[in-house]
Amino acid sequence: MLKLLLGDPNARKLKRYQPILTDINLFEDEIASLNDDELRGKTSDFRTRLDKSSDSSIQECLDDLLPEAFAVVREASKRVLGMRHFDVQLIGGMVLHEGQIAEMKTGEGKTLVATLPSFLNALTGRGVHIVTVNDYLARRDAEWMGQVHRFLGLSVGLIQQDMTPIERRKNYECDITYATNSELGFDYLRDNMANDINEIVQRDFQFCIIDEVDSILIDEARTPLIISGQIERPQEKYQKAAEVVSTLQRAAEMGKDGIDPEGDYEVDEKQRTCTLTDEGFAKSEELLKVKDLFDPKDPWAHYITNALKAKELFVKDVNYIVRNEDAVIVDEFTGRVMPGRRWSDGQHQAIEAKEELPIQPETQTLASITYQNFFLLYPRLAGMTGTAKTEEVEFEKTYKLETTVIPTNRPRSRADWVDQVFKTESAKWRAVANETVEIHKKGRPVLVGTTSVEKSEVLSALLGEQDVPHNLLNAKPENVEREAEIIAQAGRAGAVTIATNMAGRGTDIILGGNSDYMARLKVREVLFPKLVKPEDSHKPPVPLQRRKDSSVGFGKEENNSKDKKVNHSNDVRAQENLYPCVLTDSTEQVLLDLEHQLIKEWGDRVLSPIELEDRISTAAEKAPTQDPLVQSLREAISLVKSEYDVVVKQEEVHVREAGGLHVIGTERHESRRVDNQLRGRAGRQGDLGSTRFFLSLGDNLLRIFGGDRVAALMNAFRVDEDMPIESGMLTRSLESAQKKVETYYFDIRKQVFEYDEVMNNQRRAVYSERHRVLEGDELKKQVIGYGERTMQEIVYAYVNPELPSEEWDLKQLVGKVKEFVYLLDDLKPKDIEALNIDELQAFLQEQLRNAYDLKESQIEESRPGLMREAERFFILQQIDTLWREHLQSMDALRESVGLRGYGQKDPLIEYKNEGYDMFLEMMTNMRRNVIYSMFMFQPAPPSDKE
């Protein structure tokens, strides 16, 4: 109704950009007439104009430059990438520049849009960060889109997991830096644990553009980034707890009205908790031969609870995979493995005990921050995604980010077919396999989205039984390494790709296949064995060639004989069909000559895989180069691509005529947004395409959140299990379940944010104090300030101004002063008995300053400059030690404060108040410990060698 009365607010917003869009288009001919050097010269021209503006007017100046700057980027992109920004992409760029979220559908070129505001804001010289969800995408975008920025004279940096601090600092100093959210966050935490200013790698934050913003700011918001150190806990307790739990029986249903159900423990999948019943407690205590699981001297409750969760809530090949005797977490949103990440509070150790793996030591938090509070550190924040509108309220409330929906460049031609719901899971998977086979036979590519590694392997086995060649993209390491290759061919005629949770998200599926990427892979395959060091040559899978007489499309080769027994789906993986055709003899000869030329110039097998990858990527760019080797490499890639293009273009026509990409969803996700992301893979840029979801009444979403209505439906449908069910009531149950889950998780994220906000204020205070110390030229002044404050606190602790001075306990006061400052050993109570409280405070502070000067002269005799080093060392040591303990105390407070709700108290307010008192106490202890340490410090005598 409001839309009818007031008009669509999104349409009104878009209308506001039209005059600026007209201005950009008016610049197009003028900018196009410039030669390359003149176009590059525009960057320094813009910077000169910016330098003339004051800090307060810099934003206005950027806004004034926007039309011409965007026109320059559009022209550079045309020349370097062969891609011209559409008008809707220019609008997307304006939305990002204003610090909003731009919702752009899959395939509308979000990556290209980011080049516009990143160029404009990088002109300030203060740095722009472009954030992606994984290393592969960060690297791809830095190589691909970075060409435009490099062409225009800007420096482009890239942060990758295995970089050294020196490499990181160099890349953060660039005008535009591509990085993943986790690398940025961990670098921030590490910088705030540095003991030397030269160890800091990041500079002050300015402007940040987040790609797939919903994934990072919504999906990842519940998980804090944590840097931890090891602590010792008895490993045998984890093993014993796993043994005990394996004998306990799960209750068939949850207890009601405080009455325990039959069984040893109950599981609440919605809240993700496991609770022992009275019977379970008794049985556990008997098996462990202890009187009380909660005995503080020999606690067991924590170990048993974690073992129960490991048994019931953490599923192998869904939540984690086992690799090289290690339990590796699988990201529930992307389906990727997260090596190096571990669950905290002993949960990971419980999983290792369950899987009978070596148990790693437990960890203690040294530093942590949530993504919510990390990204709020940026003065200006913007983001892009294909699906933001469903979370619009959360973006607005938590991050103060508006969402603007950018129209598509071409109208959508995708058909979303009606859901098919089956009674059982096995019937659903059979139906998925049958539809996949049917669509595959028509020559259309199929993308099947699954929710776990385990489910993807089930479908892979079913397709293997029907001899359907397919590619599997999930968290298993052998598949992750082929991610780009799998996505490159996912749009080919008849291709079947099974992907876990959007694992290839961020990479477009191009109908007919991606000839550009196939050509790069081919050149890489030829050069890899000859140029990469033998110890690094864990060679990528080498695909077999398609024979010249094979038909167009993604069919099976004749040599895959049908009578071969299929033991596992790997037998029919479609890897051999990566390259669309055999190269001509002349092109093969060009590759051979190139190989000899590069061995001669670069050396025989001396490069690392990353170095070779870098050189191939540089050659695949269109940016100008003076290097003859890069030029030869570029010509070879172009030659291979032109041959592949012939077949790929043919396939593209076949695929379009057959109906485009078909996407199958095998389970409704907890969030409608994730379902929309999967659907959005089909029908990019107005292409034809279709989607369908297959569901079963046993799917997690319906089982956990659908409640009794779904249970009633299961009994009501007396149909054959292979017969799909269609029911309005079921559809409504699904939608209602999804909304319930979205609200439930929004509340959790909101709570995480509110509690972390308390920690965030404390974190900022501690980190700014640390930074002051690292940069500190005035450390002496700071330490004396700590001492003066300590003297003031001692005076007020031992002197009551309301009592006459004769009753003051000056003996104890003097004793306490000497505890901190032993150099005041000759101070006597009679020296201060005539002073009032203010005079007493001033006198003690004066004595402290004199004693500190004396201490400094003693220390400096040992080595000039040593006093400043000692000050820095002791302040940082105390901050880090006490902050670490404070984090643990705050965690414990947060665990216990929830119970206060039963006493009609607001847990959050209690947490804020007590947390604040604990923080003040920590800062007081830090000041006192530093003063004590400085006066007690005795440098070691110089050694004889010196």
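Cβ from N, Cα, C; glycine included.
Per Swiss-Prot, ATP is bound by Q89, G107, E108, G109, K110, T111; the candidate from D419, D467, D508, D516 named for the same site is D508. For the ATP site, the Cβ centre of Q89, G107, E108, G109, K110, T111, D508 serves as reference, and the other residues of the chain with Cβ at most 8 Å from it are M104, T106, L112, V113. Each of the binding-site residues K110, T111 was scored by the number of other CB atoms within 10 A of its CB, and the lowest score belongs to T111. The sparsest Cβ neighbourhood within 10 Å, among the listed binding-site residues (E108, D508), is found at D508. Within the same chain, the residues at least 6 positions away from G107 (ATP binding site) whose Cβ sits under 8 Å from its Cβ are D508, G680, G683, R684, Q685, D687, listed in sequence order.
Same-chain residues at least 6 positions away in sequence with a Cβ under 8 Å from that of G109 (ATP binding site) are, in sequence order, M83, H85, F86, Q89.
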